[in-house]
Every structure is written in structure tokens, then in C-alpha cells.
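Right, one structure below, let's go through it.
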Amino acid sequence: GDKDYFHIEGFMESPAVDDDGDCFSPLLLNATSINVEVYYNKAVNYTLMVTFVSFLQVLLLIRQMEHSNTQSGAAKVSIVMIGQQAIMDSYLCLLHLTAGILVESLFNAFATAAFFKFVVFSIFEMRYLLAIWKATRPSNSGGDKDYFHIEGFMESPAVDDDGDCFSPLLLNATSINVEVYYNKAVNYTLMVTFVSFLQVLLLIRQMEHSNTQSGAAKVSIVMIGQQAIMDSYLCLLHLTAGILVESLFNAFATAAFFKFVVFSIFEMRYLLAIWKATRPSNSGEGWETMRRELSFLYSRFYGILLGGVLIMYELHNYMRWILLVMYSFWIPQIVANVVRDSRKPLHPYYILGMTVTRLAIPLYVFGCPKNFMRVEASKAWCIGLCAFIGFQAAVLLLQHYFGSRCFVPRKMLPEKYNYYRRLDHDVNRSRDCVICMATIDLRRRTNDCMVTPCEHLFHSGCLQRWMDIKMECPTCRRTLPPA
């Protein structure tokens, strides 16, 4: 029912023996109850305090930036001091975000505090850090003029009348229309913001599609984690671009913020829901074990995140091949569907929508010949990327409509349990379905009822709807194989 059972482990030593010679030991338990409402109010008040403190820090940073708005003034400020504070605020942002993911009822409060900490360290402190770094760099001694240094070899095709060698030097210089360049960059950030908004809607639709424990357990945690890592890279990339190009900071910071919302609020929350669904519900483990497993999950995620940054830095010449590997995020779900024989784990809108929206940024960078990044366009690579991710989406749709193992030869498939097998005993008497409490007539067609491995009978429709929520027998709670 609604009762909560507590599992206590330990050793008992008997201090005495009773009259019958049996050992006994008094067991004293001190239990304290928590007033959930008071606990909730304390947590909300704490997040309000953190939000207010972050707002004050923003005002103080603005005041300090105005105080040192000249080159000599900014050069006097220690870059290590500002960097140390930025690292502290980034830790607090991650800490409050993790707390909001763990305590679902307090998610909005902790997410607000994490967002304000994100604003403090990513927008103000990192921008101030760049201003100090620029002020401490040596300036050119030629006023506002820009000088160009050209190195190379010259060969003289002729000799003049005085016997001196000479060679004509031709230089082709192109100018950049700054206004057109900025407009292209702003349009790009608007596209990224719109794509991120669509991805939020698709994630919400998918989370509603798999809002039960059984539904969430069908989704591959590797697939969601891979997409979360991609969005975190895009967030850092756009934030860095905004810091480097000061005039485009607001546009790139907006795109970075939306990517931050996608990966930190929605994808990380969905990741935790999938992890909870895949854990055994009756394991009887304590909070310490759960916290240890959760810490291991987050350490793996952020370890892969940092490791990927190092790999991309070292292998930046092979960035297009690295992108092909990153865009194989549907493959873990395809493999999980075949292994578990899962039925419809992903909504078709989520499959199609994510496939299209994920292609927007790489197609612009590597497919648009007039992109503002001046990356050389490659039509062949873009066609290959579209074909690669389109093939993955097609396989997922085939699994959705025709079964997760529709393309696997039957000879290679393991033996599957038959829920419509016949009963050899008591076929002439009726039984009750514990789900709908109606009578099951065993003399009718076999497809009208389903038999579990633990010999319990249910109506076919009743058990199928039950298995969409829980893969456990309604009678004895034994784990059920896929239907």
C-alpha cells in the first residue's frame, strides 16, 4: 500500500539468557521524523538568499568594471583573483544544479540559484577576465595604425641599368564589410536560439512519452548522455565566441544560455530519470550506496566531457571525423532496442525533430559557402553526414513501427517467452484478472488472456497496459520478460 518500510542492517550481541536458555537482546531504535513542509521552506529560503547574493555580486562587478574601465585601471587588477572567483562561482552553479536534479520538488528553486551563478561567472567575471588580459598585453607603438609583416623569398627576373636586381611585388588585399559580417553572426545566433527552443519542446514531448518507470528504462542513457555532452560543448563554444568578440557578446551569450538550458536542465534531468528507472526498485540499498552510484555517474559524465575537450584540441585537424563520431548518438539506442527488445522507447516526433535540429549547425558551418566563420564548404561531407544520421533515424523508425528486431534474422534471435501459451490444467474453470477484477474465461480464444512465467493469468489488454508502466507481475512482483 502506501506504507514505507525501512531496512536495517547490523550485528546484534546478546547480553543475557532467559529462563528457557534462549539468547535475547533488547533492540532500541531512535527514529526522528522530518517536517517536510519546514524542510522545503528552509531550502527555498536558502535559494532565495543565494539568488539575492548573486544579484548583489552582479551589481558590485558592474561597479568595479566602471571603476577600472581604462586600460591602465584594468591592468592593475589581478587576473588570478578574478579567475579564482569565477572558478568558485562555476562550482556553486554545478552544485546547485545537481541539488535541483536530485530533489525534484525543489528543482525550480535550485535551478534559479544555479542560473544566477551561471550569469555571474560566465557573463560578468569571464568578460572582466578578458578585459584584464587585454589590458596587460603589450600594445603596439605605432598609435592606432595596423602594420602587416610579410615573410618570403623574392626572385629577380631582370636587372636594371645600374646593375641592381629588382622584382615587381603584387599584393591582393580584401576588406571585410563589418556590418554584413555582424549581421551574419547575429542571424546565426538567432538560428541556434530557435533550434535550442525546438529541442526543448522535443525533449518535453519525449519525457511525457516515457514518463513511467518502464518507459524511461527503455531509453538508452548513453544516447541522452552523448547529446548532453554535445550541447555542453556548443554552450562553451558560443560563450567563448561571445567573450572574444565583444560587440557580439549579447548575441552569442543568448545562444550559449539556451544551450545551457537544454543540456543542464532538461537532458541532465532526463539522464537522472533514466538512471533511476534502470535501478532495481526493491534493492533495499541505503542512501550512501545510491549517492556513491550517482557520484560515479556524474564523474563519468564530466570526465568524458573534459576528455573530449583534450581529444578535440589534440586532433583539431581531424575535426570533421570527430563530428561524425559525435553524430552517431542514435546508435546506442538502436543497439539497446535490439538487446532488450524494447517497444517504442522514443516518440517519432523526437526522432525526426532531433535529427533535423542537430544537423542545422554543422550544415551551416561546413555547407554554407558564405558563413561568417569563413570555413571552407564541403558538399560531399555534408551529404555524408546527412546520409549517416538519416540512416540511423530510419532504423529507429523501422524499429518503432515494425519491431525492434525486425531487421535481425530469426535464426540469430534468442528464444522469446510466449505469453499466449496454453495451460494444461484447470482449463474448464474461470479465474479473475487482478488488474480489472473481471473474470477470465479460459474456454475462449487463447489470445484473450496472457500467462506470465509465474503462472498468473490476466487479460491481454490489461497486462499490456500494465507492462507499459511496470515490467513486474501485478500479483507476485516478479520481473517480467519483454512481450
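Positions of Cβ are set from backbone N, Cα and C atoms, glycine also.
Small disclaimer: the values here were computed from a predicted structure and weren't measured.
Residues or ranges marked as domain 'RING-type' in TrEMBL: 433-477.
The annotation transmembrane segment is assigned in TrEMBL to 43-62 (among others). If one looks beyond the transmembrane segment (43-62) by at least 6 residues along the same chain, the residues whose Cβ comes under 8 Å of a Cβ in the stretch are 89, 92, 96, 103, 106, 109-110, 112-113, 116-117, 119-120, 124-125, 128.
Marked as transmembrane segment by TrEMBL: 91-124 (among others). Within the chain, the transmembrane segment (91-124) has long-range Cβ neighbours (under 8 A, six or more residues past its boundaries) at 40, 43-44, 47-48, 50-51, 54-55, 57-58, 61-62, 65, 85, 239, 253, 256-257, 260, 264-265, 268-269, 272, 294, 298.
Marked as transmembrane segment by TrEMBL: 185-204 (among others). Under 8 Å from some Cβ of the transmembrane segment (185-204) lie the Cβ atoms of residues 234, 238, 245, 248, 251-252, 254-255, 258-259, 261-262, 266-267, 270, 349-350, 353-354, 357, 360-361, 364, 371-372, all in the same chain and six or more residues away from its ends.
As annotated by TrEMBL, transmembrane segment applies to 294-313 (among others). Residues 98, 102, 225, 228-229, 232-233, 271-272, 275, 319, 322 of the same chain sit 6 or more residues outside the transmembrane segment (294-313) yet have a Cβ under 8 Å from a Cβ within it.
For 319-339 (among others), the entry in TrEMBL reads transmembrane segment.
Among the features that TrEMBL reports, transmembrane segment is placed at 346-366 (among others). Within its own chain, the transmembrane segment (346-366) is flanked in space by residues 188, 191-192, 195, 198-199, 202-203, 205-206, 209-210, 219, 227, 230, 234, 320, 323, 327, 329-330, 333, 373, 375, 377-378, 381-382, 385-386, 389-390, 392-393, 396-397, 400, which lie at least six positions past its ends and keep a Cβ under 8 Å from the stretch.
Annotation comment: TrEMBL describes 378-402 (among others) as transmembrane segment. If you look at the transmembrane segment (378-402), the same-chain residues 6 or more away from its ends with a CB under 8 A from one of its CBs are 320, 323-324, 327-328, 330-331, 333-334, 337, 344, 346, 348, 351-352, 355, 358-359, 362-363, 366-367.
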Contacting positions for the transmembrane segment (319-339) when only residues 6+ beyond its ends and CB under 8 Å are counted: 218-220, 222-223, 226-227, 229-230, 311-312, 345-346, 351, 355, 358, 362, 366, 378, 381, 384-385, 388-389, 392-393, 395-396, 399, 404-405, 408
If you average per-residue pLDDT over the domain 'RING-type' (433-477), what number do you get? 81
How does the domain 'RING-type' (433-477) divide up by DSSP, counting helix, then strand, then coil residues? 11 helix, 9 strand, 25 coil
